[in-house]
Amino acid sequence: MGKKSRVKTQKSGTGATATVSPKEILSLTSELLQKCSSPAPGPGKEWEEYVQIRSLVEKIRKKQKGLSVIFDGKREDYFPDLMKWASENGASVEGFEMVNFKEEGFGLRATRDIKAEELFLWVPRKLLMTVESAKNSMLGPLYSQDRILQAMGNITLAFHLLCERANPNSFWQPYIQSLPGEYDTPLYFEEDEVRYLHSTQAIHDVFSQYKNTARQYAYFYKVIQTHPHANKLPLKDSFTYEDYRWAVSSVMTRQNQIPTEDGSRVTLALIPLWDMCNHTNGLITTGYNLEDDRCECVALQDFRAGEQIYIFYGTRSNAEFVIHSGFFFDNNSHDRVKIKLGVSKSDRLYAMKAEVLARAGIPTSSVFALHFTEPPISAQLLAFLRVFCMTEEELKEHLLGENAIDRIFTLGNSEFPVSWDNEVKLWTFLEDRASLLLKTYKTTIEEDKSFLKNHDLSVRATMAIKLRLGEKEILEKAVKSAAVNREYFRKQMEDKAPLPRYEESNLGLLESSVADSSLPLVLRNLEEEVGVQEALAIQAEANENGLVNGERSFPNGTRSEEDLKQEERKRAKGDAKESSSDSTDAVKE
């Protein structure tokens, strides 16, 4: 949102006069599509694939230099037109102004005192760019024929944005002209800036984002050049990778879900004015009023005249903020790292553990989270770890007898341990696992802090190093917390303290002190699901059109604990090899 526009905005009136042969670009994009549709690389080979894809993309960018349609002047020059347009079409424009807040970029500043929970901003549907408005635009005929556009609302919005940007008479021109000219998402990172994310959890999503975007561009370049319904689009003579990267990032950093006009389902939308608000910790204070058919936002807190107006974007980790929003949020109370856990099928007690977990509604293998806040684990992760560490006798107690159901219900309740021994085992396991994850990083926490302090880094490089530092700090906190808990329960066991008794009124699988206890099970977020959908759809379409000869491999879900440990060992070994062979990394850091 506002924060994502910190970078310089480059604009000019029309596309440049440079020419490049469509056949030449078509040949390069076909090669790019082939590369991006090949099977996923093996462990330790992702960086090599990323560099190869990037090399092709840069070759295309170089040939297309000067062909994009951009605007004259600075972004802020268009803010008065945006406010006028919004006011004329029923949006609220009183009580705030758009201002550059330096570190956070552009945002909204209160021009009067605004009380907490006061409705201060509303934007009617007619101003929003939505999948529905895209279907009713010049993009409609192509949308009706293309399965990717139909399956992927975010891609539809990106093309809607590009088509309207190329139309000087577009209703949305005042909004589009006010958008940033570029972003700080990893799609804009230089190769050296991406290198700072080596060994982090986030790097895999960064690679995936870059590969997916390149594949989409390559696929749609051919569609625009060859599909009969693309003939009338204003993109045929000028559809550059730079254009697509900008549109994808604009949508990625700004898209939100709103209900359709009849309220029967949700659709994706870009919301002018509102998307200028920067993020802070808090609660969601934006909703959609179906009766008045408008997006409405109430104040998160009291804002005095002259103060920046913030909103809360949601319970996102810093990895999600960096990858999908293009900024790092210091002191993010919802920051977390992923931890893959699973019961090995070679475990002698696998069947019993799987049954107990199934009754608790927890899969035998999943991606959980370790949280920035205390306690570091959710009720669901606690329940999983308890089952993971159970003895045969403890498993029987949770499967048989009149109290079995009650025991299942208390698995996630931190007040009622299965046994002192079970608690010691689970906290020992978590301590060991978090320690193992920490060892996969090339640098230490102290080295990252020193590097940030002593080097003049770009905004994007700073974000990358802060992100890897944040991951390590969460893991280190988890190690320390697990060690404290391990010793506490060991003492309880040594003292033969009585186990707490539970009452029926205390039951509840997810009743614990951890906020967002449902987060770990939905950690495979919309972007991941959408990525698989998009890849499947593109592969089907490409095969149908004879564009791709190779196969496409997809993740088969989570693997066993044993497999995951093996992968982490390989990752650590691979990182060590990269570290020893990469002289530029050693010099820079």
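Heads up, the Cβ atoms here are built off N, Cα and C, so glycines get one too.
Record note: Swiss-Prot gives Arg75, Glu104, Gly105, Phe106, Asp275, Met276, Cys277, Asn278, His279, Ser325, Gly326, Phe327 as S-adenosyl-L-methionine-binding, and the candidate from Arg54, Arg254, Arg304, Arg348 in that site is Arg254. Phe327 (S-adenosyl-L-methionine binding site) falls outside any helix or strand according to DSSP and counts as coil.
Counting other CB atoms no more than 10 Å from each candidate's CB, the binding-site residues Arg75, Arg254 peak at Arg254. Secondary structure at Arg254 (S-adenosyl-L-methionine binding site), taken from DSSP and collapsed to helix, strand or coil, is helix.
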